[in-house]
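What TrEMBL records for this protein:
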{"type": "TRANSMEM", "residues": "30-47", "note": "transmembrane segment"}
{"type": "DOMAIN", "residues": "39-290", "note": "domain 'G-protein coupled receptors family 1 profile'"}
{"type": "TRANSMEM", "residues": "59-80", "note": "transmembrane segment"}
{"type": "TRANSMEM", "residues": "100-118", "note": "transmembrane segment"}
{"type": "TRANSMEM", "residues": "139-163", "note": "transmembrane segment"}
{"type": "TRANSMEM", "residues": "195-219", "note": "transmembrane segment"}
{"type": "TRANSMEM", "residues": "240-263", "note": "transmembrane segment"}
{"type": "TRANSMEM", "residues": "275-292", "note": "transmembrane segment"}
Amino acid sequence: MWSNNSAAPFLLTGFLGSEAIHHWISIPFFIIYLSILFGNGVLLVLIQSDHNLHEPMYYFLAILASTDLGMTLTTMPTVLSVLLLDRREIAQHSCFTQSYFIHSLAIVESGILLAMAYDRFIAIRYPLSYNSILINSRVMKIGLGVLMRGFVSIVPPILPLYWFPYCRSHVLSHAFCLHQDVMKLACADITFNRIYPVILVALTFFLDAMIILFSYILILKTVLGIASIEERAKALNTCVSHISCVLVFYITVIGLTFIHRFGKHAPHVVHVTMSYVYFLFPPFMNPIIYSVKTKQIQRSIIRLFSGHSRV
């Protein structure tokens, strides 16, 4: 349809073969999106308003919640537009911009999980020096570094998308724009766009995961050196929330990677569903994990809502 018009809009795709029930499928998506916005929004309000949460651990959590909100607000408009309104067209520049934010925020999330691992390492390895090591200015520098890495490193593969000609089909395979999806539609040499993301994934997701694993080996070594069993349990308990978020994030990353690499013959619905799990499950679970596992946040939630009830 668009094969002769390089500047024509792209067409997003929902669940192929299930278009007749897209409006029903949109209901759980809408509920999940609202839950993500509410959960992460509440976390940000708590951390901003409760002085008991003005600590490095919660500052990093605030960046994580902001990243999850950013990812949600980036994908939500097109996903609901396709499923609820059957509006599939997206302008090319809007598509490339969405792709930029999707991939950069994913790298930011990986980086902030690494920063949170560093926070837990310092808290358990050097508890007496914790506040002198993780001073506010250092936390800000770490946070800024994580953001810069995410938003700068993804520029090289996204920029060429703006000047590539698109003479093939303009139909994308998801309800949002992914770099690997868009580049395949280009009628140009995409060698750089194929190689660069592989190197980038190795230097971000894979390297972050290895450093997080190494930090927890050192944490475990430190904890096992504590004489009291109660103190061991208390130290490890402060890491449970972070470990849970790390597992949720990297298991979905690994699952999506395996589907893309080795599931070429899997049904389209499997690819699409795994993509939605990757984009929705971590932002949905992170606020729940921290609300259930962190007593300070539980107390803040009680104070916030009991305060509202008295107004």
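Heads up, residue numbers simply count up from 1 along the chain you see.
Positions of Cβ are set from backbone N, Cα and C atoms, glycine also.
Non-local neighbours of the transmembrane segment (100-118) in the same chain are 57, 60-61, 63-64, 67-68, 70-71, 74-75, 142-143, 145-147, 149-151, 153-155, 158, 176-179, 200, 204-205, 208-209, 211-212, 215-216, 242, 245-246, 249, 253, 279, 282; each lies 6+ residues outside the stretch with a CB under 8 Å from one of its CB atoms. Among 30-47, 59-80, 240-263, 275-292, 240-263 has the largest number of CB pairs under 8 A with the transmembrane segment (195-219). Same-chain neighbours of the transmembrane segment (240-263): 64, 109-110, 113, 116-117, 120, 180, 205, 209, 212, 216, 270-271, 274-275, 277-278, 281-282, 285-286, 289-290, 293-294, counting only residues six or more beyond its ends whose CB sits under 8 Å from a CB of the stretch. Here the transmembrane segment (59-80) has Cβ contacts under 8 Å with residues 12, 26, 29-30, 33, 36-37, 40-41, 43-44, 47-48, 90, 98, 101-102, 105-106, 108-109, 112-113, 115-116, 119, 136, 139, 142-143, 146-147, 175-177, 245, 276, 279-280, 282-283, 286-287, 290 of the same chain, all six or more residues outside its ends.
Residues of the same chain lying 6 or more positions beyond the ends of the transmembrane segment (30-47) and with a Cβ under 8 Å from any Cβ of it are 53-54, 58-59, 61-62, 65-66, 68-69, 72-73, 76, 79-80, 84, 280, 283-284, 286-288, 290-291, 297, 300-301, 304.
When pLDDT is averaged over the domain 'G-protein coupled receptors family 1 profile' (39-290), the result is 94.
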